[in-house]
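Pulled from TrEMBL, these are the features on record:
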SIGNAL    1-19  signal peptide
DOMAIN    69-159  domain 'PA'
TRANSMEM  365-383  transmembrane segment
TRANSMEM  389-407  transmembrane segment
TRANSMEM  434-460  transmembrane segment
TRANSMEM  495-516  transmembrane segment
TRANSMEM  573-593  transmembrane segment
TRANSMEM  655-677  transmembrane segment
TRANSMEM  683-700  transmembrane segment
COMPBIAS  757-784  compositional bias 'Polar residues'
REGION    757-790  region 'Disordered'
């Protein structure tokens, strides 16, 4: 049952595997720019709601420049500032009913209404009619752009209506962000009067650090309570009326909405004329581009690469210890037979025993189980809102993962005797090998308490802005535990697994929209099938109160991914990376790390000597490996990793280094694709070719592809003893002594062995690599068949 449980865990862990950017509430998608001024305002656009004309791009092609139009507000013939009167009615009012729109030319009617005879930008206040009607009337007057701004008076009128609901009031102000009590004789209907501006209660409300708008309005509560006003230019929905029956009627005008503060600034510029050019305030409106790259993507890239690097190092612990023991055996003091004997016993005991931690050797059935279970689980999350179940399971796993990766190792290394005491050593009860109270130390119990406490804190605070730190910490711990537990036995299983998940990732991101109308992978990565706001509230309500549970504004984040908040992107949101994009290629890198330790004795750096043709065999290495020339004829091709004619040169780099570079570049390509396309990408589409494809090419060039495909025998415990027994030889004290270039009879030390001693004394590192066709051989670096340098 254990392999099946782990296979299911793999499916749940890596079901979300894509690099995506979360679509934030991009309400300020337009830029309002004042010519010859540093003043720039940001606005919401009707184009976000699929009506009105589209905005020009922020960066135009072929050296084109944005067009600037004169700004008009409350012109002579426009009546009030709401922009809710048709052109004919305005002309009748201005001319006392003696003229009609058809009897006047365009310039004449514009002059009569006090408007420019060229396209202009019309600024109107909210209220009086719908947004669509304002756009229709402005288009009729010849405006190219309509800017709608709110006012405190209109905000107060909406909130003080007799039939206003509590939600509608909360859309306009929030007493939790700032409140005060106006004086009993204060005029709460004139927001420009000195008595209102200087009122102590109003100033106290505006001065609250949580009140971002620094504006307050009466709440309608007792004692003339005033509360902080929301100054958010919400998206403008389209509504049909008797005047505007279809969106096509307002497709020729750009419609944007700015905040109260920005609207007041534009009005002040018009009055003072400080930014005017030839008596006009020129305005340009265009689309707001997001930044090309955000630091959040770089942070995710670094975290993922570091996790794979550390996970591979930890996953190859058994082979690394084996290599260190062999290095110790080689470096044992030749004058002490006891030291050599002890080193040999330690090495052979470690070689014979299996890894201490229980390992899961994956096979092709595990790969197939992942594809079936993972696909089913992903579709379930797409259609059914079971994210809370995933959150709970993630929290349970986080307790175990953080205990194993962080707290238990930390407590074990602290030099405090009390932490190493066994308070329940007399308890005989245990449940298999999982619960053994007699073996629990005080440090273990404290580590478990810390793991549970931090996970519980994350669960309770998971909707807060800082919760991503804990989620990412848990995710990294999950990956490290998995990479330390699961192993690929050969390249065959790796190919089946990674090719299947490659096709799975591409299908769920690119092909699933043709079946399910949207990308299954990206929807699940950004929350899955969760309910949208209910109870008659708009999206603007949830923008103001994102943690409100009564109207389902609060949404769960899919925990089985890494997320980092965007730093520079004005749309806010998060950059996302599925844990599958770490652990699935990471399994292949662990395999290469184990292989490098088993055949090279090290992960990084070049084996010495780095250059020089090498040929021949040395009797010392033959004696060390107990191998005869006939039994090890294939070892003459130790340089065949480089392929063909280069067989005389040793391999300079291990497989792990090359694949680490491949993973780094593959993930970088995935992020570049996200930036260039503006949509989520299946990261495995880039990672699999850059890791599995690279390994296949390198293995073929070095002549070890078949060996990797079937499974390197060096990774099997007891390999060294079996090789020694099969060759009828073994390592004894004299062999180890001669390996160091010494002899129990110094006068009989051959010249070639003394050359080895000189190399050892020069400080050249010893790799302690195992003899195999993948092992670069030299007098100074290997314990396999030594080759002579020329």
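Each residue, glycine too, has its Cβ placed from N, Cα and C.
What you see is a predicted model, and the numbers here were worked out from it, not measured in a lab.
Between the transmembrane segment (573-593) and the listed ranges 365-383, 389-407, 655-677, 683-700, the one holding the most Cβ pairs under 8 Å is 683-700. A mean pLDDT of 84 is what the model gives for the domain 'PA' (69-159). For the domain 'PA' (69-159), residue counts in helix, strand and coil come to 40 helix, 18 strand, 33 coil, using DSSP.
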